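For reference, the structure discussed in these notes is given below.
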Amino acid sequence: MPENNNKYKKIGVLTSGGDSPGMNAALRAVVRTCNYYDINCYGIRMGYDGLINDHIVELGPRSVKNLINKGGTELKSARSEEFRTVEGRKKAAETIKKHGIEALVVIGGDGSFTGAMKLYEEQGVPFIGIPGTIDNDIFGTDYTVGYDTALNTVAEAIDKIRDTATSHNRVFFIEVMGRDAGFIALNTGIATGALDILIPEEKDSIEDLFQSFDNAKKKGKTSSIIVVAEGDKLGGVYDLAKFTKMKYPEFDVRVTVLGHIQRGGSPTVADRVLASRLGVAAVEGLIDGRCCVMAGMQSSKIVFTPIEEAIKKHNEIDKELIKVSNILSMQ
Ligand SMILES: Nc1ncnc2c1ncn2[C@@H]1O[C@H](COP(=O)(O)OP(=O)(O)O)[C@@H](O)[C@H]1O
Ligand SMILES: O=P(O)(O)OC[C@H]1O[C@](O)(COP(=O)(O)O)[C@@H](O)[C@@H]1O
Ligand SMILES: [Mg+2]
């Protein structure tokens, strides 16, 4: 029998915040690792709402069969307003106590980790986080679970838009997800040969955008794709399209908002492997007595990062990527 130093007998697992492809693979890994170490695993449905409302089911290795390839989250997710209150978190702690759950694995993003930290500080419930969000906006891991799948979904969609953009000599503004982060926009922009990429981390100006159009005209380009992160500060895609049309009345401008298709679909191999490794690491981390950390992957190695750092610090946008995009798009 493998060693379970911390003597945990019951661990709960939940998915919270925006779902992401690979959350199911992480769940499967957590459940099966618990079983390996002779720990009973409890699935909490609907994120923190499930803790508050006692929606808890015991999960064994067979309960997570046929899940590794499925998008979404079998446990379901929620953005729980009640959990943001001290009262809500008290109710959550009562449910945890009632079931004898001793620690949690929280699969989610920065918001979910903030909530878990408060639950620990106020109610003493230990936890380890697994970064599950398409946004890749969490410090302490090179990639979050779901990001790679989202990149591929976006690239496939933009490739299709390129076909019609080229056929009609059109300019397309394409909005991709990322409330506060430009990772999806920057990487898919490079991958799809965007003329310009607008992200919240960079100070863009409309003049810079117009300069890209002027340059494209000079180079003889007849259609263009501009990838815009949802959280870009310059304005939304519709305003950008309007201003562009005002400046260049001869342009045939269209807008596509890719929206929630970016969050669905079967996870890529990279996401499945990442989720599986982090799921095992999270349970083993708890067994080793770790708390209030996030299991992440840096340079292909498991790294545990204090949750405050994971939330507060930010993965910097790699300036080299911006340079690559600029060099390649302006030729
Ligand atoms: N400051 C906070 N205090 C307590 N709970 C929070 C806080 N921020 C987020 N949460 C909880 O975590 C949930 C998920 O957070 P959210 O920001 O929506 O997604 P993500 O975890 O993907 O970033 C919220 O709905 C809420 O229940
Ligand atoms: O599905 P919702 O609630 O409309 O949220 C949309 C947001 O969720 C995300 O897809 C993921 O964000 P989180 O991981 O923080 O939940 C963002 O990119 C997007 O802005
Ligand atoms: Mg978030």
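The backbone N, Cα and C atoms fix where each Cβ goes, glycine too.
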Problem set entry | Further ATP ligand in TrEMBL, beside R79, S80, G109, D110, G111, S112, within candidate set G18, G22, G43 | G18
Exercise. Taking R84, R162, R263 as the options, which does TrEMBL list with R28, A29, V30, V31, R32, K219, K221, T222, S223 at the ADP site?
Worked result: R162
Exercise. Among E201, E202, E207, E230, which residue does TrEMBL name as a further substrate binder in the site formed by T133, I134, D135, R170, M177, G178, R179, R254, H260, I261, Q262, R263?
Worked result: E230
Exercise. If you run the three-state DSSP split on S80 (ATP binding site), which class comes out?
Worked result: coil
Exercise. How many whole Å apart are the CA atoms of S80 (ATP binding site) and T133 (substrate binding site)?
Worked result: 16
Problem set entry | Contacting recorded positions for ligand 2, chosen from R32, G109, D135, R254, I261 when the Cβ sits under 6 angstroms of any of its atoms | G109, D135
Seminar exercise, completed: Rounded to a whole number of Å, the separation of the Cα atoms of T222 (ADP binding site) and G109 (ATP binding site) comes to 40
Problem set entry | Rounded distance in angstrom between the Cα atoms of R32 (ADP binding site) and T133 (substrate binding site) | 22
For this session: By CA-CA distance, flag whichever of V30, T133, R179, K219, I261 among the binding-site residues is nearest to S112 (ATP binding site).
Result: T133
